[in-house]
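Visitor: Can you keep this structure in mind? I'll have questions shortly.
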Amino acid sequence: MIGLRSTPPGSAVRQGSGPFTGSTHLLRLYLRLDRIHLVAWGLSFFLLVWASVAALDAAYPDQAALQARAMLLNNPAAIMMTGPLFGLENYTFGAMVANELSLYTFLPAAIMGVIYMSRHSRAEEESGRLEMLRALPVGRFAAPTAALLILLIFSVLVGAATTLGLVLARMELADSLAFGLGTTLSALVFAAATGVAAHLSTSARTTTGMGLALVALAYFIRGVGDVMEPRGSWLSWFSPFAWAQQTRLFVDLRWWPLLLAVVAVALLTGLSFRLAHVRDLGSGLTQPRPGRTHARPAQLSPAGLAARMEGATFLWWTAGLFCFAIGFGMLSSELEDLIDEMPNFSDFIEIDLADLTRSFGAVMLSMLALGPVALLVAGVLGLRREESAGRAAALIRTGSSRASLLLSWCAMVTLLAVIMQLILGFGLGLGMVLASGEISWIPTMLLACLVYLPAIILHGAIAACCQGFSRRWALLGWVPVVWTSLVLFLGEILNLPDWASALSPLWHTPAAPQAEVHALPLLFMSALILALSLLAVVAYRRRDITDG
């Protein structure tokens with residue numbers, strides 16, 4: 001017989017009556033769940049910053065090398081990818097670290113803030129775990145408070161790791177502290193914004209998508225604003241990334257721009273708590289449209305289900321990135337001004353505007369290709385979610401084979417990624433037409449974007465292989481995406497050896513339309529796609545669909 005402690009009537013209600021009751025218990029739970037994640041993120045930021053500074057120090061040992069690097073950075077493509085340029089007249093090593101490394105520290109911190117705020121807010125409600133916890137003496141504000149505190153711990157940790165990496169690399173202490181604080185606040189701003197988004201939507205996927213869309217929008221606004229004025233224009237100040245970069249790290253340090261981030265975090269947090277007070281648990285302020293009573297016949301197949309489940313994500317991602325592609329293409333109008341501002345180069349080297357524009361287009365295509373890559377991998381791994389929900393097993397029971405399920409699902413999401421890539425190529429060409437008036441850029445960029453398809457699809461094949469072997473291994477499909485992004489944005493800074501860069505499929509892709517296209521690497525990647533797809537099917541047929 002189990003004995004229970006006698007509780008006076010109403011005492012449980014009194015224990016849970018405080019709105020913040022239970023916050024510390026939830027925080028301890030989140031810390032236990034995320035303990036490995038905390039260590040991984042902290043080590044990753046420390047190693048990224050320390051190794052990047054060490055690589056830059058080795059690659060640019062004297063003032064002549066630094067000044068040459070400064071001249072190369074003063075172009076729209078580089079500014080779009082890095083940020084405002086400070087101290088170019090007398091380019092110091094610290095200025096180079098700030099100009100080339102800061103954005104690629106703030107950006108992953110922001111993404112981290114989005115992911116973990118969604119994980120500890122809307123995802124907890126969607127799974128039903130928070131409802132179970134609220135049956136205990138847990139206050140209305142306990143969950144959002146614990147989520148905010150765990151994000152504060154994450155953010156402070158990566159900020160401290162960033163500062164430590166800089167200090168150990170012998171950078172100035174005050175600027176290193178400002179760099180770390182900027183990293184912390186970048187994560188907190190987007191985490192707080194995602195906390196507000198969690199009250200608007202009814203699903204964790206939508207919440208994460210809204211948060212990442214804000215990150216992308218902030219990146220784009222900052223890029224366009226900095227291209228308008230290399231030291232930052234009025235438009236740049238509408239981006240939280242600019243608030244951290246406008247501290248002028250290692251050049252002319254100023255702390256006050258970070259106050260904008262502090263104010264934004266406070267306002268967004270207050271709004272989040274207000275929304276938590278007025279809405280019901282499990283609901284969203286924007287309710288989704290009721291679904292059909294009966295599914296269309298096409299949705300009863302694996303490909304139809306994939307189109308239904310991934311179609312909305314495809315539409316939103318494509319619409320957003322299409323706008324980005326047009327904006328990137330319109331930046332090519334700045335190239336002519338760049339040539340006029342570089343008379344020293346023009347005296348020794350004949351600079352052709354068309355060649356420079358093709359080179360710019362190749363850089364933009366390689367950046368935009370990450371959109372279809374991420375969409376494809378997320379779509380392939382969406383089958384993992386269908387297994388957890390039991391819908392994959394239901395399809396198999398209705399007559400679909402395991403091989404048909406995997407291949408049909410992957411074929412549909414691959415088709416969506418291919419369509420997205422074509423739309424982005426068209427958007428980039430359209431932007432270049434608007435900038436130059438030459439209609440030929442549209443077919444040029446459409447043909448060039450096709451060259452990137454084997455590398456894009458190869459990422460999906462790797463994810464399908466991970467999914468095929470085990471549902472628990474499926475998330476490893478994101479590793480090549482992260483590595484490709486690292487090579488694309490930081491490969492030169494880190495001075496990665498060729499063998500390491502070669503692990504990225506995009507590294508093998510000819511830089512169309514600038515470079516001559518060779519068929520051999522494209523054929524090799526195509527053969528690898530077929531081999532990995534066959535391996536994925538064989539593995540998927542042998543494993544248990546229910547428990548992976």
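The backbone N, Cα and C atoms fix where each Cβ goes, and this holds for glycine too.
Taken from TrEMBL, the feature transmembrane segment applies to 38-60, 101-117, 138-171, 177-200, 207-225, 255-276, 314-333, 360-383, 404-435, 441-466, 473-497, 517-540.
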Visitor: Three or more CB pairs closer than 8 Å, sequence separation of 6 or more: does that hold for the transmembrane segment (101-117) against the transmembrane segment (207-225)?
Guide: yes
Visitor: Taking contact to mean three or more C-beta pairs under 8 angstroms, with sequence separation of 6 or more, is the transmembrane segment (314-333) in contact with the transmembrane segment (360-383)?
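Guide: Counting Cβ pairs under 8 Å (6 or more apart in sequence), the transmembrane segment (314-333) reaches the transmembrane segment (360-383), since there are 3 or more.
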Visitor: So, does the transmembrane segment (207-225) come close enough to the transmembrane segment (404-435) to give 3+ Cβ pairs below 8 Å, pairs being at least 6 apart in sequence?
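Guide: No, the transmembrane segment (404-435) and the transmembrane segment (207-225) are not in contact.
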Visitor: Are there residues at least 6 beyond the ends of the transmembrane segment (138-171) whose Cβ is under 8 Å from a Cβ of it, and what are they?
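Guide: 16-27, 29-31, 34, 38, 41-43, 45-50, 53-54, 57, 94, 97, 105, 109, 112-113, 116-117, 120-121, 124, 130, 177, 179-185, 187-188, 191-192, 195, 250, 269, 272-273, 276-277.
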Visitor: Restricting to the same chain and to residues at least six past its boundaries, which positions have a Cβ under 8 Å from a Cβ of the transmembrane segment (255-276)?
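Guide: The answer is 140-141, 144, 148, 178, 181-182, 185-186, 188-189, 192-193, 195-196, 198-200, 237, 240, 242-244, 246-247, 285.
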Visitor: Would you mind listing the long-range same-chain contacts of the transmembrane segment (207-225), meaning Cβ under 8 Å and 6+ residues beyond its ends?
Guide: 79-81, 83, 107, 110-111, 113-115, 117-118, 121-123, 190, 193-194, 197-198, 200-201, 232-242, 245, 313, 316, 320-321, 323-324, 327, 331
